[in-house]
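Listed in TrEMBL for this protein:
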BINDING   Asp22, Leu23, Asn24, Arg37, His60, Phe61, Gly62, Arg63, Arg118, Arg151  substrate binding site
BINDING   Arg37, Arg118, Arg151  (2R)-3-phosphoglycerate binding site
BINDING   Lys201, Glu323, Gly353, Gly354, Asp355, Thr356  ATP binding site
Amino acid sequence: MTAFRTLDQADVQGKRVLVRVDLNVPMENGKVTDATRIERVLPTIREIADKGGKVILLAHFGRPKGRDPKESLKPVAEAVSLHLKKNVAFADDCIGEVAEKAVAALKGGDVLLLENTRFHAGEEKNDPAFVSALAKLGDLYVNDAFSAAHRAHASTEGLARVLPAYAGRTMQQELDALTKGLEAPKRPVVAIVGGAKVSTKIDLLENLVTKVDALVIGGGMANTFVHATGLNVGKSLAEKDLAATALRIIEKARTSNCAIILPVDGVCAYEFKAGAVNHTYGIDAIPEDQMILDVGSQSVERINAAINDAATLVWNGPLGAFEIPPFDQGTVAAARHAAQRTKEGKLVSVAGGGDTVAALNHAGVAENFTYVSTAGGAFLEWMEGKALPGVEALRA
Ligand code: AMP
């Protein structure tokens, strides 16, 4: 059971339902080039429309400073209509007379997209006057945009405070997965954190060591830890000035009974280039003139053993420079192993944030994970243990 109000508790029939969605889709020459985000919000739109609700979609697009035709949602309305296989009306503004007229014209089951909420400064300021102007347009509020939930904006947080508020189906799915991942997980829990730098993930590492039973550190950031423990990392990417931070995290893990699993070997090359000549060395024998670009096979064995011991896995960040083969092999091998354990029903696997989705897609296993979040910033803030304003406002 989720601790959030969902569409199960909402009576939408004949009601004006303001639905916050993420339609910040990639566009080229006025055409949507990847419709993943559109696909994700269709179930909520369909359900409300099928139940006779008037669906009024709210979304931001890009980072406009005031009204800017280049950041209009109008072409996105056409794309939503195409995927929904149903007419989607569009209003040139998200508040005021234009929006009010468009809403008044709706019948039960109709769908309307309002213009970019960020055309008004009140959106990002969560300005009460702007919140009221939006709230006038609806009887209920549904938030289906987890990826924007780390922002306390008018359409992501303010509205939930003034209208009866519910999680949409995609938001609900994300919250259920995240609860299974870290808030109420089946233990033992292992986390894998990779990626380029420690500096962007200090809060995340500090939070995880207090919550998980084992933390695997890979990617460029592992080099900083390896250096901090007194070993030589050659020409590898490493933030040597963060050695003290790395040691503090190791110490915090020790007092929290969290095992830290660092690479025991590394695939090294002279240059950061696809197909570069490479050799695997023990982590205490990294040559002075080479860089570690992936975890080695012995490290993968240890990581896979940690996955075998776990009932739950949370994963953010690749274990190596996965974009340039053959330095994708560590990430691919561990991802495939986690996917296999998940398929066998032995593991709940939750992954997300930035390059992680690309890495799992590259390994061909994103479909086999229990849940892969495409939410980027919001997913990372959740992994950091931060309260997400848009989510908090939906708590039952
Ligand atoms: P992040 O956005 O922090 O998750 O970092 C992802 C990036 O880290 C990817 O572009 C990887 O190529 C890079 N990366 C992972 N491991 C290494 C490594 N050992 N050396 C250099 N870059 C790496």
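Glycine is no exception: its Cβ is also placed from the backbone N, Cα and C atoms.
Overlay of TrEMBL annotations on the structure.
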residue : record                               : DSSP class
Asp22   : substrate binding site               : coil
Arg37   : (2R)-3-phosphoglycerate binding site : helix
His60   : substrate binding site               : coil
Arg118  : substrate binding site               : helix
Arg151  : (2R)-3-phosphoglycerate binding site : coil
Gly353  : ATP binding site                     : coil
Binding-site residues compared (Asp22, Glu323, Asp355) - the one with the fewest other Cβ atoms within 10 Å: Glu323
Secondary-structure category, per DSSP, in which Glu323 (ATP binding site) falls: coil
Arg37 ((2R)-3-phosphoglycerate binding site) and Gly62 (substrate binding site), Cα-Cα, nearest whole angstrom: 14
Binding-site residues: Gly62, Gly353, Gly354 - member with fewest neighbouring CB atoms within 10 Å: Gly62
Which binding-site residues sit within 10 Å of Arg37 ((2R)-3-phosphoglycerate binding site) - Cα, from Asp22, Asn24, Glu323, Gly353, Gly354: Asp22, Asn24
Annotated binding-site residues Arg118, Lys201, Gly354, filtered by Cβ under 6 Å to ligand 1: Gly354
Whole-number Å value for how far Asn24 (substrate binding site) lies from Gly354 (ATP binding site) (Cα to Cα): 15
Greatest C-beta neighbour count within 10 angstroms, which of the binding-site residues His60, Arg151: His60
Site diameter for (2R)-3-phosphoglycerate, Å, by largest Cα distance between Arg37, Arg118, Arg151: 18
By Cα-Cα distance, the member of binding-site residues Lys201, Gly353, Asp355, Thr356 nearest His60 (substrate binding site): Gly353
Of Arg37, Lys201 (the binding-site residues), the residue whose Cβ has the fewest other Cβ atoms within 10 Å: Arg37
Using Cα positions only, nearest of the binding-site residues to Glu323 (ATP binding site) (Asp22, Arg118, Arg151): Asp22
